[in-house]
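A short write-up of the structure that comes next.
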Amino acid sequence: MKLMCMMIVAVLFLTAWTFVTADDSINGPENRRIWEKLLSKTRDEMKNPEASKLNKKECRQPGEFCFPVVAKCCGGTCLVICI
């Protein structure tokens, strides 16, 4: 019984190892390069938050249309038009 359990565990381990180390032939090397490029870009943005475009919030200039809750005015006051 112990030998049978050890054999089952060994087969499961080797099967898992095969799946983990297998080459992903469907996505090919060109797709891997794309993912590596995207991941390196996100790592750079994490190290330097100013590099992220999402952190840049624009403010509206005086005289431009704004919505009081959503838009931010550079001058600070939004009453449908930035003051």
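Cβ coordinates come from backbone N, Cα and C, glycine included.
The record in Swiss-Prot lists a disulphide bond between Cys74 and one of Cys5, Cys59, namely Cys59. Looking up Cys66 in Swiss-Prot gives a disulphide bond whose other cysteine, out of Cys5, Cys78, is Cys78.
The disulfide-bonded residues near Cys66 (disulfide bond), taking a 10 angstroms Cα-Cα threshold over the set Cys73, Cys74, Cys82, are Cys73, Cys82.
Straight-line distance linking the Cα atoms of Cys59 (disulfide bond) and Cys78 (disulfide bond), rounded to a whole number, equals 11 Å. Sorted by the number of other CB atoms within 10 A, the disulfide-bonded residues Cys59, Cys66, Cys73, Cys74, Cys82 start with Cys74, the lowest. Mapped onto three states, the DSSP output places Cys82 (disulfide bond) in strand.
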